[in-house]
Amino acid sequence: MSSRKPFIAGNWKLNKNLKEVLAFLDQIDGKLPSEDKVEVAIAAPAMYLVPLVHHRGKNPLKVAAENVYFKNSGAFTGETSPQSLADEGVEYSIIGHSERREYFHETDEDINKKAHALFEVGVTPILCCGETLETFEAGKTAQWVSNQIEAGLKGLSAEQVSKLVIAYEPIWAIGTGKTATAEIADETCGVVRSVVEKLYGKNVSEAVRIQYGGSVKPETVAELMSKENIDGALVGGASLVADSFLGLLDIYK
Ligand SMILES: O=C[C@H](O)COP(=O)(O)O
């Protein structure tokens, strides 16, 4: 367990309708642990960001976008601007999720532009990285993830990177029920931290928070969070149902 504040974020992906979003807020109302112990967020489809901000009430719940564009205005049909996230009170945005990289062909360069654009408006990026099963089995995870991180951080200042959140999500563990062992997850989060140290020095690498993501469940979260280099979790499936989402936070009560 590190001294950094843990950060547990749900990622709803393309799930829920408005009624379900509001019901979820109702079900977690007054049940989140104190923000002194853990930071909690939900990343939701763009359509539900404003309702989440407006209906979270006094719950210590941060709101995150699942994606963002790197321009604030212009002829970019269908995109969401960083400025609109900031204006509506959205605190975080995931960038570079493996599903965006795979299905929407996002490149490291796009993702780096998004990181810059978010910092410019005061929204904190959650920068995702992670390798395929093939890369994992070939023993090339460290190199792969290091390259993604170096490219994603290009041109960011030490001050920005110390506020950043990085999520290590092995693609083979996403939605498969196959969580990486806590040891593997910790080792790769340690690799990510060492890349940050190489680029920005010890102070920044000790400040940056690194989440693990990939089939995290209430039953597996405690062991993962006990590891030195893991500061939180980015959770898909287990964040969709209020009881299970609250179960992820039991260790902080
Ligand atoms: O962003 C979340 C990850 O893709 C993990 O999803 P999962 O918990 O359903 O495996």
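Backbone N, Cα and C define each Cβ position, glycine as well.
The active site, electrophile feature in TrEMBL is assigned to HIS97. Residues near HIS97 (active site, electrophile) in space but far in sequence (CB under 8 A, at least 6 apart, same chain), listed by position: ASN11, GLU66, ASN67, CYS128, GLU169.
Its Cβ placed at the centre, GLU169 (active site, proton acceptor) has 28 other Cβ atoms within 10 Å. DSSP classifies GLU169 (active site, proton acceptor) as coil under the three-state reduction. What TrEMBL lists as active site, proton acceptor is GLU169.
Annotation comment: TrEMBL describes ASN11, TRP12, LYS13, GLY175, SER215, GLY236, GLY237 as substrate binding site. Within 10 Å of the C-beta of LYS13 (substrate binding site) we count 19 further C-beta atoms, all protein chains included.
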Its Cβ having more other Cβ atoms within 10 Å than any other among the binding-site residues GLY175, GLY236, GLY237, the winner is GLY236
If you take the centroid of the Cβ atoms of ASN11, TRP12, LYS13, GLY175, SER215, GLY236, GLY237, the listed substrate site, which other residues of that chain have their Cβ within 8 Å of it? ILE174, VAL235, ALA238, SER239, LEU240
Cβ neighbours of SER215 (substrate binding site) where a neighbour is any other Cβ within 10 Å: 20
